[in-house]
Structures are given as C-alpha cells and as structure tokens.
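Before any comments, here is the structure.
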Amino acid sequence: MLQQRVVERGGSAPLRSDQQEVGAGAQGGRAHPVSPDHAAARGHDGAGQSRSIHSGHSTGPPAVFLVASSELARVPMTVKGIFPRRTPPPPSAGWWAVALPLALMLASDYKLRSRDVDQAVGGSADLTVLIEVAVYGMAALYLVYTFGLRPPSRRITGLLFAAWTFCGYVAFSALWSPFKSLGLVRGAQLMVTMLLAHLIATRATPADLRRLAHAFIGIVVVSVGIGVAHPFPRTRLTEERFNWLYVHPVQAGVYLGIAVLLTVGYLIRWTTPRDRLWHPLLYLGALAVLSGALVATGTRGAALGCALGLVVLLATARGPRGRIDVLVMGAAVAVVGVLAFSNSILAFVARGESAETLSSLNSRTDLWTLAMAAYSEEPIFGRGLGASRGLFLDDIGLGGGHNAFVNALVDNGTVGTAAFVTLLMTLGFVLLMLARHRTLRADAGMLLGILGFFLADSITTEGLAAPANVSSMWLLLLVAWSETLRRQGGDPPQAPGAAIGEARDEAPGAALGAAPGEGRGDRAARVRVSAVVPAPPHVEGAPQQP
C-alpha cells in the first residue's frame, strides 16, 4: 500500500494517537490536505477539540496533511480479462510438486530391459511393469491421503475442464478396447497424472515449477552421461543412434528436445535473472550437451520440433524485440547452415535410408492407410484405448499410430479426437493471452515453445495422445503451469487517472504547509501517486479499492 503519514504544521498541540504516523511513511514527499474530521470518522470523541493553524493563529482544528512516501508496497488489484483477483503468492506447495511428476516420467519411460510390443499388448506383467504400476499407485495414494477426493469448491477454468474431459473420455474408452488389460492400466495411469496436474494447477507456485524444470534438465543431462559412459545393447534399428538405458531413441529425443527448450528459456532471461537457479555458464554447458545428444539420437521429428519450438520461444518470450531477433538471427543461421552444413543436414535427414523408405516415412504412410481403414469401422467412439498398439502388428509389424492425431482417431474416434484438439487449441489460446503480459511473458513463451515442439514431433510419434509417457505428462504439466501463471496474475491495469509526479527543487512546499527550509534533501525524491491505490478508510474522500 502507498505508505502515508499525517503531519501537523506550526505550534499546535501535540498530535493525538489517532493523528500519529499512518503506515510507515518515509521522510520527504508531497503533502495533501485531509479533512480534520477524519478522527471523528474513526470513532474518537475528542475529534473537534484540537486546534488548527490559519495564518499563524490557533483558531480551530489543526490542518492535517497526508504525506505520500516514495516507496510502494504490493497491493491486491483486480486484473481484467482472463485473470482472477491478484493475491499474495502462496508458499511453496511442497516437495510433491517436483518429485511426483518426475517419478511418474521415470517409471513410465526409463527401462532396464527391452521386450517386444506383442508382450506389452498381451498384458503380461514383469518386475519392471509392476514397479511402474506401484509408483503410480503410491502417487495416487499420497495425493488422495493428503488432499482428499472432493468436488471443487469453485468453478474450474475452461482449460482444466478441457483437460479433464479429454483424459476422462480416453480412460473410459478402455472399457471397449480389444486389449482390456493394457487399456485399463493405461487409463488408470492417465487419471492419476491428471489428478496430479490438477493439484499442481490449483496449489503450486511458479517457484515450484521452476524447480521442476531445472530438476528435469539435470536428470536429462545425467542420462546423457549414463548413455555415454555405459551404452546398453542396441537393437537392429538403433545401432547407429544414441540413447541411454533401454529408452528408445525417439523417446530420448523427446526428453532432449524439452530439456533444450527449458534451458534456452531460462538462459535468455536477461532482464529477470532472479528466475535462474544456475549460473549462465551452467546453462550454456547443459545446452551444448543436450544439443549434441539430440543430434546423436538421429530423431528427425524431435530435431524438427526443437527447431520450431526455439523459433516460437524466441519470438514470444521477449515480445516484439524477440521477434526482430528471430527474424535477423534466423535468416543468418539459415544461410550459414545451408552453405556450410548442407551435406551434414542431408545425411541427418536421410539417415542412410533408401528413397523408397524416405518417401513412406519409414513405412508410416502404409501404417496410416491401415489406421484410416480401422477408423472407418468405428468412426464415432473409436476402437478403445490401446487398440492401435496391437491392431497393426500382424499386417505391418508396428505398434501405435506413429502420429498423435491418427492414434487419437483409431483409439478414441471422432469424439476423443475433438476433445484432444479442443484441449490443444484452448491451451494455445491461454498461453497467447498470458504472453501479452510482461510479467508472464518469459514463462508463457517458453511453454508455447514446448507446445510447438509437441505439435511438430507428433507428426511422427503418438506420445502426445497416448497415456503414460513423457509427452502426455508434459502436455498436462503445460496445462498446470498455465493455470499457475493465471493464478499469479498479469500486469496490473493502468488506471486512467493515474499520475506520476516528481518533487523537484521548485516543488510548492510552502503552498502545502511545509515549514521554510524543511525537506531540502527530499525535494528530489520521486513520488508515485496512483488513483487505484487505496488509502486508509478514515481518510475522507480518498479513492477506495474496488
């Protein structure tokens, strides 16, 4: 609140307790007259017994002046648009907001063994599967025990409603899946992930999500070190591609792409270094390691998505200046890349494959033809969760749709695909609205970059529309992060009557009742007075908080 103090001029009687300093007023500032009846408004009987000063004579109540301090404190304000009323940031939600998302990701994707797709579709469970299910079960028990299961006390936002609708329908579709064991387990995992995302969206703070992002970067960097130090046995299709443990290079590319975007998102925050948790040199070192590993995976979809995500991030995270930088730097990098590294780029894209294989996107176009035939048989509600993992094994030997939207059409039909597209469009719209606020632009731009990465990568992978993998988890984390930013609130609105005054040497101190020679050291103090900042309720005629 604008800090204020009440001062009295001349040789009047000492100020009463209700006329002493109001707030913690700083020395200096400009004085504004206040009604002498303010004490009576506060319930004091002797409000009219004090003397005032007029032309040096004590003839009545004293003239009381309100001095505005040059310091401003935080005031809750009403934020227009899609933001609720601003409130002081709550304390950290706790360790669970960082540990549980990472635990679910690692349990779903980090494997110490490799097995065929038909074994997974058949529903056979080994020790690794049991550990994965146990991690999800313990996470669900902790969340329910700590926060309970009860209907929301307030109306949820459209973004959360879209996320719950999509996840609920996908989990429900497991009831008519041809592979019920797989579908029911994946559906339960998806609902646990959505419950965690909802609690993060309603309870976590931006600081919690900042720690989560940095922990994710650290885990991926350590994973790259494991892959370099101890390469695990490779399959025939991944002999020349980098990975770690038994994580498929496609999944490794998704981890690396997200980590690259998070690293760049925090590295470019020149104006808000407080958002960084590491030294800039650490970000640069991590960026070099992650970028090299991403290229070594040979995952073309992740590389394309990362490039698109970087363009979106740089164009939105820094506002109009960032778009100019992208235009200039992007043109220069494109020219240098084409002239100097054209052969390397073509070799990366071709990856030693024949023209026929490249034209079919590694048999993906043949798979999509079969997928469209399967979709035409159940176009409304789909074949059920997990159906695409086993429908095409006999015909083409591939599991999954290898495209997020094709996978959604086969498993969830038109209804589920519409819910999926609605979620993506709502998330993109909310992030664009958040990026219009200076205080939220850095985070919103980074999240938009990750969303752009997912949209490009989903052309050749189905993870975004399938449960229990890093892509779907980060999609729901983007929803939770967006809601956390909305709870924080954007830029305070600029009131039409707001004025910025500056007390200079020519300030009319005598006209305001200041003693001669008083406050010479304070005349240069800058005073910001805003009509939207409420004064204490006993100050008559002062603007009140809406």
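The backbone N, Cα and C atoms fix where each Cβ goes, glycine too.
What TrEMBL says about this protein:
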| type | residues | note |
| --- | --- | --- |
| COMPBIAS | 49-58 | compositional bias 'Polar residues' |
| COMPBIAS | 508-517 | compositional bias 'Low complexity' |
| DOMAIN | 286-421 | domain 'O-antigen ligase-related' |
| REGION | 1-58 | region 'Disordered' |
| REGION | 488-525 | region 'Disordered' |
| TRANSMEM | 93-110 | transmembrane segment |
| TRANSMEM | 130-149 | transmembrane segment |
| TRANSMEM | 156-176 | transmembrane segment |
| TRANSMEM | 182-200 | transmembrane segment |
| TRANSMEM | 212-232 | transmembrane segment |
| TRANSMEM | 252-270 | transmembrane segment |
| TRANSMEM | 277-296 | transmembrane segment |
| TRANSMEM | 302-319 | transmembrane segment |
| TRANSMEM | 326-350 | transmembrane segment |
| TRANSMEM | 415-435 | transmembrane segment |
| TRANSMEM | 442-459 | transmembrane segment |
Sequence-distant residues near the transmembrane segment (415-435) by C-beta distance (under 8 Å, 6 or more away from its ends) are 81-82, 158-159, 162-163, 165-166, 169-170, 173, 316-317, 380-382, 404-405, 408-409, 441, 443-445, 447-448, 451, 455, 465, 475, 478-479, 482, 485-486, 490
Under 8 Å Cβ-Cβ from the transmembrane segment (302-319), and at least six residues away from its ends along the same chain, one finds 250, 253-254, 256-257, 260-261, 264-265, 268, 294-295, 325-326, 329-330, 348, 432, 435, 438, 441-442, 444-446, 448-457
Message = Quick check for me: are there 3+ Cβ pairs below 8 Å between the transmembrane segment (442-459) and the transmembrane segment (252-270), leaving out pairs under 6 residues apart?
response = yes
Contact set of the transmembrane segment (182-200) with the rest of its chain, CB cutoff 8 A exclusive, min separation 6+ beyond the ends, reads 93, 97, 100-101, 104, 108, 120-121, 123, 133, 136, 139-140, 143, 147, 160, 163-164, 167-168, 170-175, 208-209, 384-387, 389, 466-468, 472-473, 476-477, 479-481, 484
Stretch winning on C-beta pairs under 8 A with the transmembrane segment (252-270) (pool: 156-176, 212-232, 277-296) is 277-296
Long-range CB partners for the transmembrane segment (156-176) (under 8 A, at least six residues beyond its ends), listed in sequence order, are 183-184, 186-188, 190-191, 193-194, 197-198, 201, 381-386, 411-412, 415-416, 419-420, 422-423, 426-427, 430, 467, 476, 479, 482-483, 486
Model confidence over the domain 'O-antigen ligase-related' (286-421), as mean pLDDT, sits at 81
